[in-house]
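Over in TrEMBL, the protein carries these features:
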- 14-233: domain 'Glutamine amidotransferase type-2' (DOMAIN)
- C14: active site, nucleophile (ACT_SITE)
- C252, C398, C453, C456: [4Fe-4S] cluster binding site (BINDING)
- S299, D361, D362: Mg(2+) binding site (BINDING)
Amino acid sequence: MGDESVFDELKEECGVFGIIGHPDAARLTYYGLHALQHRGQESAGMVATGGTGFRYHRSMGLVHEVFNGEILKGLVGDTAIGHVRYSTSGESLLTNAQPLVFHHGAVGQLALATNGNLINADRLKKELESRGAVFHTTSDTEVIAHLIVQSGASCLEEAVIEALNQLVGAYALLILTNDQLLVAQDPHGLRPLSMGMLGDSYVFSSETCAFDVIGAEPLRTVEPGELLILDLKGKEELRSLPFAEPAPRAVCSFEYIYFARPDSDIDGINVHAARKRLGGELYREAPVEADVVTGVPDSSTSAAIGFAEAAGIPYELGLIKNRYVARTFIQPSQHLREQGVKMKLSAVRKVVEGKRVVIIDDSLVRGTTSRRIVRMLKEAGAREVHVRISSPPVRHSCFYGIDTSDRTQLIAAQHSVEEIREIIGADSLSFLSEEGLIRAVGRTPEQGNCGHCLACFNGKYPTAIEEELPQVAEGKSR
Ligand code: AMP
Ligand code: SF4
């Protein structure tokens, strides 16, 4: 198996939402998933229960395409979990759409929705298959389900704890049965997962922006290594069990840099405000004389505003995005990706003509976007184009569910900053430093790196990886 196929199987990033004990559970989950749409546009799904059996619906497409009023009416029950999925490879299959639903003699009905990626999924899958498990999907989530149902534990929560302790990787996980909702966060807290309250109902979401949309109050982050157990019949209060030894916190830096919605808070830090600070820090580290600052819409807008503010240079809309073209990364081939960028962005000639332009992008992965944009700005008459990236160079692959690609495609893994500047045709190019990133996000100093995962920048993975991913140990992809 070549590196390509290994990476194709690894890619998975998603959003999860759940609510317990609310008469409008399905409708609220629909709105929650809609707010999380940026985390996954390939498929959406929902499972609802009133305690006597599941109703569920999953399909390929955007949330508003997957559900309609009739379908939501059929999702009867006061508890629901939902999922949006994003995939970049040949796994675009309905069978992989979540939540995954299982029927098991001892456990009964079981639905799982996860955001993240397991590093040891292949090994666990082989072991489970050797014990008779039959897999219907290529999703890591099914591995978790089989671990739960194959456990010899006497109750569900023990089976779940046993299963979680075998997982290596990133996961924000919701598990629903007809009796309980269980919510878990991996021991490093790699993917965001928050708890909120709507009236008397607990709500869970990958991002807090979904709470605002439904009028829920954010309560707190689901802690790394924490399992929350909620009883559907309201017999018991919410219980919190630590299921693993505390590990150093390692929240994905890319959530702050690019992935999360600007109106979300991660561990109490607003994403837009953090991005503005990233821009300000970037100016202090790599100042440049220029006439206008602009950002690659929409994900770099906050950082561009922060850079402009710190520099005292006007922020302008130098690039306009056509909102009706999906994110460039979703295009499967390089050729299509390049076409996608062309379709997606246009330069505003009147803003850039004859000017020295600073263009801020939140990240540089393959270099495709920057190369296109520099050319576009120059074609629109920009006199100079200075590229500033509000994150460090991505030199290592992510194994935790963000598609930062195979190492051979990472431009900064193959080239120096000066070489990249030449390739993208910019007059100057600078990246934010790791220290600048940590300072700007402003997490409290839990550890030396303030509880960030920075592995795609520095190759220091928070979990063990060599054992599970031999291609990494051989240095082919890292
Ligand atoms: P590239 O064009 O390959 O250099 O990728 C960088 C661009 O893609 C930036 O404009 C980012 O906003 C965006 N980006 C970064 N990471 C991701 C990701 N995981 N999925 C989709 N887009 C991304
Ligand atoms: Fe996020 Fe990078 Fe860590 Fe992946 S490797 S979880 S993208 S910080």
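Cβ atoms are placed via backbone N, Cα and C, with glycine included.
What TrEMBL annotates, mapped onto the structure for a quick look.
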residue: C14; record: active site, nucleophile; contacts (Cβ under 8 Å, 6+ apart): R39, G40, H83, V84, R85, Y86, Q98, A113, T114, N115, G116, S206, G401
residue: C252; record: [4Fe-4S] cluster binding site; contacts (Cβ under 8 Å, 6+ apart): A170, L190, R191, P192, F259, Y400, I402, C453
residue: S299; record: Mg(2+) binding site; contacts (Cβ under 8 Å, 6+ apart): Y258, D362
residue: D361; record: Mg(2+) binding site; contacts (Cβ under 8 Å, 6+ apart): G295, V296, S300, T369, S370, I373, V387, R388, I389, S390
residue: C398; record: [4Fe-4S] cluster binding site; contacts (Cβ under 8 Å, 6+ apart): F254, T404, A455, C456
| request: Give me the mean pLDDT over the domain 'Glutamine amidotransferase type-2' (14-233), rounded to a whole number. | output: 94
| remark: Once DSSP output is merged into helix, strand and coil, the residue listed as 'active site, nucleophile' belongs to strand
| query | Where does C398 ([4Fe-4S] cluster binding site) sit by DSSP, helix, strand or coil? | reply | coil
| remark: Near ligand 2 by the Cβ criterion (under 6 Å), the recorded positions from C14, S299, C398, C453 are C398, C453
| Close-lying recorded positions around ligand 1 among C14, C252, D361, C453, C456, where CB distance stays under 6 Å | D361
| field | Neighbouring C-beta atoms (10 Å sphere around the C-beta of C453 ([4Fe-4S] cluster binding site)) | value | 28
| message | Quick check: in three-state DSSP terms, what is D361 (Mg(2+) binding site)? | response | strand
| query | Relative to the mean position of the Cβ atoms of C252, C398, C453, C456, the recorded [4Fe-4S] cluster site, which additional same-chain residues have Cβ within 8 Å? | reply | L190, S253, F254, Y400, I402, T404, L454, A455
| remark: Same-chain, non-site residues whose Cβ lies within 8 A of the S299, D361, D362 Cβ center for Mg(2+) are I257, Y258, G295, V296, S300, A303, I360, S363, I389, S390
| field | Number of Cβ atoms other than its own within 10 Å, given for C456 ([4Fe-4S] cluster binding site) | value | 29
| note | Neighbouring CB atoms within 10 angstroms of the CB of D362 (Mg(2+) binding site), all protein chains considered, total 26
